[in-house]
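Below: one structure, written as structure tokens.
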Amino acid sequence: MLQPGLTGGSQDSYVKHMLVKAKSKGWRVVVFNSRGCANSPVTTPQLQTASFTADTCHVVDHVSSRYPKASIYAVGWSLGGNILVNYLGREHHRCSLSGAVSLCNPFNLVIADENLRKGFNNIYDRALRGGLSRTFDKHASLFEEMHDEYNVQAGLNPRTVREYDEAITRVSLGYKSVDEYYSNSCSCHVVQHVRIPLLCIQAANDPIAPIEATPYSDIKDNPNCMLIVTPQGGHLGWVAGDDAPFGAPWTDNVVIEFLEHLQKNASKPESS
């Protein structure tokens with residue numbers, strides 16, 4: 001299962017690259033397009049959020065029920081990585097995944113929010129808020145019926161990602177403030193509860209998923225978790241490799257090798 005980042009979906013190049021790579025290994029691939037992303041239909045006033053894991057549960061359960069004998073693995077990018085790790089930690093008692101990878105996971109949304117508002121990072125904030133407002137614009141009528149709760153105009157024309165989340169996201173989840181939403185959406189709080197193999201790949205110079213938000217100690221103390229930190233790479237910008245600059249990032253090979261290793265070990269007969 002591939003879980004794209006904020007407003008991302010099956011149309012994005014980084015998702016397509018991983019899909020092609022996995023398909024070349026003979027694997028079935030499912031892309032989870034979050035609510036409102038990749039033109040997916042929305043029937044209720046809730047779009048993609050960092051802390052809502054029920055949809056991930058549904059997708060994993062559906063795939064598991066359809067292929068009960070298959071090992072299921074998941075890869076999440078950026079906010080999709082945060083949602084995925086939240087799912088792994090919160091649902092560890094019922095998680096049917098056999099392994100997972102998160103890339104450029106912001107981990108701590110409080111720190112990520114503060115970092116996004118510093119200096120030149122507002123360039124990235126502008127790009128992200130643009131994606132949010134375009135997605136919201138397609139489904140604004142659902143929220144207008146509840147106008148007293150949602151600030152629809154701010155959702156259509158947010159000045160920052162934070163302003164959008166204050167106007168729309170935190171309301172849909174019932175939080176009293178955007179800070180409460182961010183605080184309760186941090187996957188860094190649940191890494192310690194992950195019970196399946198998890199590989200986390202981060203870049204030290206990531207402006208959207210700042211390295212200081214990475215829970216080094218909790219990852220180190222959890223024998224199920226591994227962490228790779230590259231000095232460069234920005235946000236999903238690992239372009240070096242045989243396919244550079246326009247092809248698949250070199251991290252795709254690392255992800256596939258990790259998952260193949262898990263699958264190989266899962267296929268070994270148990271010793272008596």
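Cβ from N, Cα, C; glycine included.
Annotated features in TrEMBL:
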{"type": "DOMAIN", "residues": "2-236", "note": "domain 'AB hydrolase-1'"}
{"type": "ACT_SITE", "residues": "Ser78", "note": "active site, charge relay system"}
{"type": "ACT_SITE", "residues": "Asp206", "note": "active site, charge relay system"}
{"type": "ACT_SITE", "residues": "His235", "note": "active site, charge relay system"}
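Here the features listed in TrEMBL are placed on the structure.
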residue : record                           : Cβ within 10 Å
Ser78   : active site, charge relay system : 25
Asp206  : active site, charge relay system : 26
His235  : active site, charge relay system : 17
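Within the model, the domain 'AB hydrolase-1' (2-236) shows a mean pLDDT value of 96, rounded to a whole number.
Looking at His235 (active site, charge relay system) and Asp206 (active site, charge relay system), their Cα atoms lie 5 Å from each other. A Cα-Cα distance of 11 Å separates Ser78 (active site, charge relay system) from Asp206 (active site, charge relay system).
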